[in-house]
């Protein structure tokens with residue numbers, strides 16, 4: 001059953017049961033003091049409201065029959081998946097650079113199985129959800145995401161998570177190139193960097209690549225009364 005979500009730059013209509021809510025990298029690394037972003041010098045002090053908003057969005061999406069996909073960014077314990085000096089990721093990943101500057105952190109940042117890699121305690125995938133590891137910023141790179149979505153007839157993706165200007169935007173952009181409709185819930189995302197970075201990422205998304213809404217509006221669009229209005 002179709003519903004319409006109020007968004008910028010215009011409303012967008014979608015079928016929740018042919019849509020997915022994507023939770024990007026809500027790991028200790030990105031959202032918890034003592035995690036990678038914090039150790040690399042980024043401010044994570046305002047991530048708690050984002051976690052609560054994601055909980056709300058996930059609950060509403062699951063009740064409406066949306067597929068929930070959780071991403072975890074990181075690599076194997078030996079960092080083979082991160083790429084060596086021949087990979088730009090080796091030179092640009094702030095996690096890898098932080099470990100090179102602080103050797104005592106080697107093996108602790110974004111390594112599979114580590115505390116840093118784990119999802120935050122408040123966000124727990126449920127049976128029927130899909131959890132995918134990803135080795136780069138985009139959730140489409142070297143993952144089965146595209147195949148999972150296409151096999152289910154899913155064309156609309158609603159994004160939450162961290163960081164708005166890095167992995168969220170990268171995944172939404174790649175989805176745009178693959179003909180997916182991408183929506184970001186702005187109060188369920190958080191940037192890596194100053195506040196203007198969040199605004200710039202959202203401007204890019206709503207102007208060139210997708211749509212921007214918020215959690216309260218999203219939940220309202222999934223309420224039974226909204227479906228009744230469309231019907």
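Heads up, the Cβ atoms here are built off N, Cα and C, so glycines get one too.
These figures come from a predicted structure and were not determined experimentally.
What Swiss-Prot lists as active site, proton acceptor is 25. Residue environment of residue 25 (active site, proton acceptor) contains 26 other Cβ atoms, counted within 10 Å of its Cβ in all protein chains.
Residues or ranges marked as active site in Swiss-Prot (evidence: sequence analysis): 134. Secondary structure from DSSP puts residue 134 (active site) in a beta strand. All chains included, 23 other C-beta atoms sit within 10 angstroms of the C-beta of residue 134 (active site).
Residues or ranges marked as active site, nucleophile in Swiss-Prot (evidence: sequence analysis): 167. Listed in sequence order, 24, 25, 71, 73, 134, 137, 138, 139, 161 are the same-chain residues at least 6 apart in sequence whose CB falls under 8 Å from the CB of residue 167 (active site, nucleophile).
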